[in-house]
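Asker: Pasting a structure below so you can have a look.
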Amino acid sequence: MAASVEHDSLESMEAPQTAVEVEETKTFKDLGVTDVLCEACDQLGWTKPTKIQIEAIPLALQGRDIIGLAETGSGKTGAFALPILNALLETPQRLFALVLTPTRELAFQISEQFEALGSSIGVQCAVIVGGIDSMSQSLALAKKPHIVIATPGRLIDHLENTKGFNLRALKYLVMDEADRILNMDFETEVDKILKVIPRDRKTFLFSATMTKKVQKLQRAALKNPVKCAVSSKYQTVEKLQQYYLFIPSKFKDTYLVYILNELAGNSFMIFCSTCNNTQRTALLLRNLGFTAIPLHGQMSQSKRLGSLNKFKAKARSILLATDVASRGLDIPHVDVVVNFDIPTHSKDYIHRVGRTARAGRSGKAITFVTQYDVELFQRIEHLIGKKLPVFPTQDDEVMMLTERVTEAQRFARMELREHGEKKKRSREDVGDNDDTEGAIGVRNKVAGGKMKKRKGR
């Protein structure tokens with residue numbers, strides 16, 4: 001009898017730092033995953049399990065409740081999807097599992113992974129999120145899918161108003177990005193959901209950080225859980241090269257264009273603090289010939305998914321986003337993250353830069369620091385426990401870009417104004433004219449299109 005795994009207190013299964021040799025020999029079959037799902041992993045290119053999967057999957061297959069703490073990009077979705085599908089194969093049932101997520105985009109992404117892993121066994125998923133017609137979701141729920149992936153608010157709406165829909169037979173509950181769910185003030189909704197699902201269930205809670213709110217939720221929702229932690233409290237991955245640039249705020253646009261030219265050929269994710277600045281900067285870059293596309297909360301759901309898919313398909317090399325896009329999204333080819341606007345909350349820095357250097361790859365993160373951001377930047381350095389180096393620039397070359405950037409700024413402001421007026425007239429969502437791709441005429445006025453790097457560099 002393994003007494004060490006059976007006592008009542010929260011246990012810790014820290015991943016040993018010296019276990020590299022063991023990890024290299026582990027396969028999904030070694031973890032106890034059934035053959036048909038191992039084949040699905042092979043087809044998805046999952047050659048070997050990640051650290052969090054090695055820690056969590058065997059315990060989940062034993063029927064334990066799990067708290068998974070792992071850095072962004074660590075394979076968390078596979079860590080809960082594989083045990084759930086394994087159990088579904090053994091005891092097939094409709095409305096078998098519920099996955100709660102903080103954002104719509106993450107919900108669709110999790111659904112894609114469940115459907116890909118379960119394609120050979122006919123797994124059916126329903127995504128229940130805001131911004132999409134409730135009636136079509138009600139019809140999807142009436143078909144009783146195996147897996148429901150939902151944001152808490154819209155799920156409560158269906159539990160209260162959709163006739164015949166309930167989760168009384170649910171076997172698995174997953175809360176993914178639990179810290180973000182709670183930070184978005186979904187606590188009331190989560191409490192309501194916990195009251196209408198069976199107590200006799202398995203619960204997996206995954207979070208990048210173990211906040212006080214997450215600890216409180218863990219006590220309310222999990223029974224004798226085991227903790228699988230593969231990262232320190234606040235950690236950025238080892239292969240991430242982190243830099244900062246201290247610049248006057250009026251030159252931020254110019255330095256951004258310089259960096260995009262210097263690192264041309266890479267894919268970029270650029271974080272802005274507001275929807276308006278995301279849209280403005282996307283227009284600015286488009287006017288200069290860059291393949292930039294925005295993703296923010298004022299865009300319609302279809303436009304947000306469209307932007308995301310264009311970027312994932314490499315049809316666009318630059319994605320400008322607010323923090324709505326900074327957590328959980330599996331975009332495998334981001335080479336460089338730029339914090340164009342420094343995050344107000346230091347923890348958001350961890351999640352933003354977690355878009356690059358994922359699953360063993362290397363990447364860069366560059367944070368713009370203006371005269372107004374020094375205190376916020378110092379908090380970030382304190383949180384991650386290191387002083388960041390300056391990203392090298394040639395200031396004279398940056399200043400040579402000023403005239404053209406200024407002209408592009410002017411046209412971007414004009415387009416934003418025109419769009420605002422059109423929105424008032426037609427009451428369209430700001431994202432429905434998204435996306436800056438209609439700015440061809442304006443772009444042609446900005447001499448020369450995309451800037452060329454100077455010869456000899």
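Placed from the backbone N, Cα and C atoms, the Cβ positions cover glycine too.
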Asker: Can you say which of 26-54, 55-83, 200-228, 374-402 is given as motif 'Q motif' in Swiss-Prot?
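Answerer: When 26-54, 55-83, 200-228, 374-402 are checked in Swiss-Prot, motif 'Q motif' belongs to 26-54.
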Asker: Looking at 112-115, 144-147, 176-179, 404-407, I want to know which stretch Swiss-Prot calls motif 'DEAD box'.
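Answerer: Range annotated as motif 'DEAD box' by Swiss-Prot: 176-179.
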Asker: Report the mean pLDDT of the predicted model across the domain 'Helicase C-terminal' (239-399), rounded to a whole number.
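Answerer: Across the residues of the domain 'Helicase C-terminal' (239-399) the model's pLDDT averages 89 on the 0 to 100 scale.
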Asker: Cβ-Cβ under 8 Å from T151 (phosphothreonine), same chain, 6 or more residues apart: which ones?
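Answerer: Listed in sequence order, they are L100, T101, P102, T103, R104, A107, I128, V129, G130, F186.
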